[in-house]
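Annotated in TrEMBL:
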- 129-245: domain 'RGS' (DOMAIN)
- 1-38: region 'Disordered' (REGION)
- 95-114: region 'Disordered' (REGION)
Amino acid sequence: MCMEDDEQPALGEQPSFNGCDQGKDLQLPPGIDGETPMGSERMEMRKRQMSVHQEAVSGTQAQQGVGNRGSNACCFCWCCCCSCSCLTVRNQDDERTRRSSNEIRGHGIPKWEDSPSPTLEDVYSWGQSFDTLMTTPAGRNAFREFLRTEFSEENMLFWMACEELKKEANKNVVEEKARLIYEDYISILSPKEVSLDSRVREVINRNMLEPSQRTFDDAQLQIYTLMHRDSYPRFMNSAVYKNLHQSLSESLAES
């Protein structure tokens, strides 16, 4: 049964397919003031939300992909090559620094200084003046041998390192030698740390901001005074000194 011509379907409802309008494409009438009906508005909003969600998911996946490439990158990736290059350069710089330090240490204080054999007169003069003992290589060798028996050879080594530093003119070498002296004899972590008071340590720390040939002057003087007052008197009564004096006296008598 067909609907009468003056009967209109309710707003938003589809016409009956049993009516006379079956097969016709009907459009929903516009809402008030020409607005889209509420059902269509919700559909459009949902489409926009789904579109935004898909774009967000796609962006996240893209970022994850970049992150994975960065973490798993090999040397063929430009970003990894840059990183590898930086690490390589840094490692090469560290290796050059270590090699330079080892070379400076290697050309530093010898185990024993080259010197002519001391005479009986030399040995006698050592007993008269500590300054004379410290200014002759043979005297320093004999004194070092004694200090080694007392496990205090680092005092002599530090004093000699400071003397070597004073002879250096190259600024870069001065800075490197000063750093090595600090690490070997001033640092509390070093097994060869020398005994210095807090005032002298503060002076050294200030001087290390701009190292020079005179960076350790105060410390060198303090260690020199310590050896003079403490170790030197025992050296004069030690077997090292007495045996050397006796052997030279016997050699002179035989000749």
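Using N, Cα and C of the backbone, Cβ positions are placed for all residues, glycine too.
Caution: TrEMBL annotation is automatic and unverified by curators.
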**Report entry** Confidence summary for the domain 'RGS' (129-245), mean pLDDT rounded
**Finding:** 97
Query raised in the report: How does the domain 'RGS' (129-245) divide up by DSSP, counting helix, then strand, then coil residues?
Result: 87 helix, 0 strand, 30 coil
